[in-house]
Ligand code: NDP
């Protein structure tokens, strides 16, 4: 019997994870299946689906919205990335143990550094938004050696609180947080990452054009939406390169796959299959 893996979320029909992991399994010759499980909208749906999957011999799961917090709560062990993010996006089952990781931030860093060819060491990085995606990205960006990280959010207090909470864990990398207007006191940024959900509603966060350094990379974590209002704003502000979040999705999947199977898949085929031109 092949080993069983799955992604759980609600809704889940749109998930690209079965396609990505199917490509990885084929390319690495791993005997495994990967299915999509809808955890439903009822309270307790996630816990029931998790228990059923484990009882049926499941070995690991990716977790997507809205269950990332519940996944961490269900874990018996969690990595620093998952604990600081307050959320898990990958689980591994070993007897009674449920191990939790969060690969979203690592996937983002890998996409920027390996796929887009921009080492983050010494860069000034601006994160827009103060939700779960930003929370998960800060530690991996600091680990990559960023010179300074700033979190800017529509609700300024949320960015201030998040910066205050995460700053002691970054090994001395400076971190600040506030509203978009506080960016007036900052030098321009080499990398500006939209980690808000504004693009999903056809909107852009109110980031000032002066925040983009000449030659900056503008990165929207949303994917499959083409050139989003944020990416258009960035281009008009002089950003030299724009990218969406499809590479982050593929790279976090590769991290989970390597953690489960002990073999790192080549991500190029999945990236080619999923990339939509940014027009
Ligand atoms: P959350 O709901 O936790 O946070 C949403 C954030 O967006 C908040 O900071 C909120 O600000 C801000 N926001 C929402 N609408 C607007 C707007 N119109 N203008 C300005 N700010 C706005 O979401 P997540 O952090 O979980 O996810 C953020 C995005 O990242 C999503 O679009 C998600 O799809 C994407 N993502 C992509 C991944 C990938 O693999 N590529 C992985 C994870 C996430 P406020 O606090 O003021 O409400």
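Glycine is treated like the rest: Cβ placed from N, Cα and C.
Bear in mind that TrEMBL entries carry predicted annotations, made automatically and left uncurated.
Together with 80, 129, 130, 131, 132, 133, 153, 154, 155, 156, 157, 158, 245, TrEMBL lists one candidate of 61, 221 for binding NADP(+), that being 221.
Highlighted here are the binding-site residues (80, 132, 221) whose C-beta falls below 6 Å from ligand 1: 132, 221, in sequence order. Considering only the binding-site residues 80, 130, 155, 157, 221, residue 15 (shikimate binding site) has 221 as its nearest partner by CA-CA distance. Secondary structure at residue 252 (shikimate binding site), taken from DSSP and collapsed to helix, strand or coil, is helix.
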